[in-house]
Ligand code: G4P
């Protein structure tokens, strides 16, 4: 095995998807603990709060108790290196979440045991399904009253149309939660009362008939465990690694993240089964992680936490090759060479200067705005990665500076924010108004706050009559010109100067689609590359 092959085989890049409050933050914290990345439970939140206190624009985030900014956490466990990409849970920021999911190879779906599949779990799952992504399920909060495990399995199977296989089985719940039986490794793992840092040490058993179980558990609990597992084995298929990797089957773990129970069993499962970095789709061919030449794509841009600096960090997923600090990479869109001399890796304690990185790793590249979402960096080849979507905004508002003299400055700020992926911005052909489009309403507040604090431009957002936006394309330039001439009042340009049709209502859009059959009205625009 070459070093590259070995490093690729040992990487696990994943995200956690969950409805808010299911326990994503708690689980993240415990996973990091196992990786030795942080010393104390609670550190993720504390650090988060300290960081937030520093930046004014994140006030919105503090007030609402949601996480606006995603980050990357790297930790080692056994012989594997895990990259955990955090995704904001609030549905208003789903666009950011969707993009982050383009940079991972698998996902852990966390459910609240008392609630099962919730609205946001379902939406996020649909995005994973589009990419046939392997999903591991963790059903949390079994230290509280929860739904019956059979009903939970049924809920996942029915709601998500996914084959389910219990990987562990809970023994009791709430006050009577005694532990789990690890079905993949035949181990009994009991809740250790009064122990803070729980390890799922467990006792290896010789199947469920092992008399050890009768010694370690009350008689009624053993009997129920044996009956339940027999029934579950009768109802569910056997674990099939291939089906899991193709995204059609999910192994299900039970536990209680807050008590650190079941987390190690889950982590062992990910270590063994979760996929190593996959090939990335690109125009013309797929790029294998084992290719020697370095390549990667930008999936997220984050404004610097310090509002006085215009610096940004572009998050690049390394797709192939062995990256070393100081590498000169071609920025395919601008055809310029970038010298990556100060990349950052995101270890949980702090940002660290990256000396090297391997496929599946995420590298932060500080820049002044030249890098955009969807951009490719390579060792020379003109690669265009595909499948990093830009979504049609569902909410559109006009934005004006409080001081009309600042209109030009506002225009520049909006273009920068659009390049960063924080919103879509359109300049109307008639009237030259700025229209901002977002996927979730809360984004308007965050934007107004950022434009005021980072660019020093107080602005007002105003409701519009607009319904939605569609990027327009046509293979026939003459037809395109006819269309644009006839629809000047409904046309705008996005920050890349791509033409956009702004529809007043659904009828207006349907009518235009009918009248102009040669024009394509696109809901998503793949990021320019
Ligand atoms: P999220 O990131 O998915 O939104 O969820 P988070 O981890 O913040 O957890 C949401 C709430 O659920 C928190 O309580 C957390 O303590 C609790 N929780 C997480 N895992 C478990 C579990 O296994 N069992 C029980 N009983 N509760 C759990 P909170 O009161 O909202 O916040 P906090 O004051 O505890 O931080």
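Glycine is treated like the rest: Cβ placed from N, Cα and C.
According to TrEMBL, the protein has these features:
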- 86, 87, 88, 89, 90, 140, 141, 142, 143: GTP binding site (BINDING)
- 9-278: domain 'Tr-type G' (DOMAIN)
Neighbour count (Cβ, 10 Å) for residue 86 (GTP binding site): 21
Contacting binding-site residues for ligand 1, chosen from 86, 141, 143 when the Cβ sits under 6 angstroms of any of its atoms: 141, 143
Predicted model, mean pLDDT over the domain 'Tr-type G' (9-278): 84
Residue 141 (GTP binding site) in three-state DSSP notation: coil
